[in-house]
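According to Swiss-Prot, the feature active site, acyl-thioester intermediate maps to Cys95. Taken from Swiss-Prot, the feature active site, proton acceptor covers His346, Cys376, and the record attributes it to sequence analysis.
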Amino acid sequence: MATLNPRDVVIVDGVRSAMGKSKNGMFRNVRADSLSAELVRALVARNQFDVNEVEDLIWGCVNQTLEQGMNIGRNIGLLAGLPKTVAGQTVNRLCGSSMQAIHTAAAQIATNQGDIFIIGGVEHMGHVGMMHGIDLNPEASKHYAKASNMMGLTAEMLGRMNGITREEQDAFGVESHRRAWAATQEGRFKNEIIGVEGHDANGFKILCDIDEVIRPDANLEAFKALKPVFDPKGGSVTAATSSALSDGASAMLLMSAERAQALGLKPRAVIRSMAVAGCDAAIMGYGPVPATQKALKRAGLSIADIQTVELNEAFAAQGLSVLKGLGLYDKQDIVNLNGGAIALGHPLGCSGARITTTLLNVMEQQDTQIGLATMCIGLGQGIATVIERV
């Protein structure tokens, strides 16, 4: 178990919503800010502390327009009933946004710029399309290929560079669904999912506490029958081996070790190190490799010390390429044990805090000590966080 210093950054708790389908899903009548506010209220209710002490609410969100616009972080705090004295901000590092929220809060805690932070992220991809309102500079094509904006093509590129076969991708995708459904049936998500009111297919109100995107019937035969979707003629990436479009939110409570101790709150983990890194936009999915290497060096660890891993499965080709790059290809029994984004979906701004929360729960379930959460980021970045249970 880790020994804590006063300014160490500890994770007190983490929660998430169930993941809803973006097309006519269970959250089709629920706004992104309302969904997020439910999680903030739940986080406060689960942990006894004075909310007046919260320095800032930091929320990750990628497409900050429509219901996700006008500093959704501040709006979430107000909707959740936090005191008006609690500040709120929204951060955007594309797919890594809510992990960046963790890093931003952690840096402030470590430098004594606040003791208690609520962080999280959200993306309602059913209400706010991924490309809604986007106007890219034509000059950018001088610096990276236009095709680098098409995530599926970057996955195809990684697959070819790293010799990832169609068969490997299909098997990886099926296994993601199998693990996620097994985790659901065995109650392994219960500690992290907060039930939020939504609607079933017939329009009746229901409590949404089971991930809607998982396919319990996922099988190799069905996956093999699908045609490549991004490179129809010579590709290998299909809809089934890509992360699903989904709607969801996540939230975490971070504190300084000394404040958590003073409040009598038992930390679940301490943040050992953090890192971001850039890479070529054409292989954006490889970003977790340099980011993880940086984070491990800062923690004084090697990949062999990592006992549990959560990696954002943007695509099977991407995930498998990262595992090869990190030397984890033959250690998939420690990676995404409760399934990944192929089964759960990847609501962009939500995913960073979601996978970190899931990592924490898996570490507790497996009784492991040191874990890694890492993600690729569009336009060529990676982000990584190393945590240790306390």
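Note that Cβ sites are derived from N, Cα and C of the backbone, with glycine treated the same way.
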Taking only same-chain residues 6+ apart in sequence, whose CB is under 8 Å from that of His346 (active site, proton acceptor), what do you get? Cys95, Ser243, Ala244, Leu245, Ser246, Asn312, Glu313, Ala314
Please classify the secondary structure at His346 (active site, proton acceptor) using three-state DSSP. coil
For Cys376 (active site, proton acceptor), nearby residues of its own chain (Cβ under 8 Å, 6 or more apart in sequence): Cys95, Met284, Gly285, Tyr286, Gly287, Pro288, Asn312, Ala314, Gln318, Val322, Gly382
Enter the number of other CB atoms within 10 angstroms of the CB of Cys95 (active site, acyl-thioester intermediate). 33
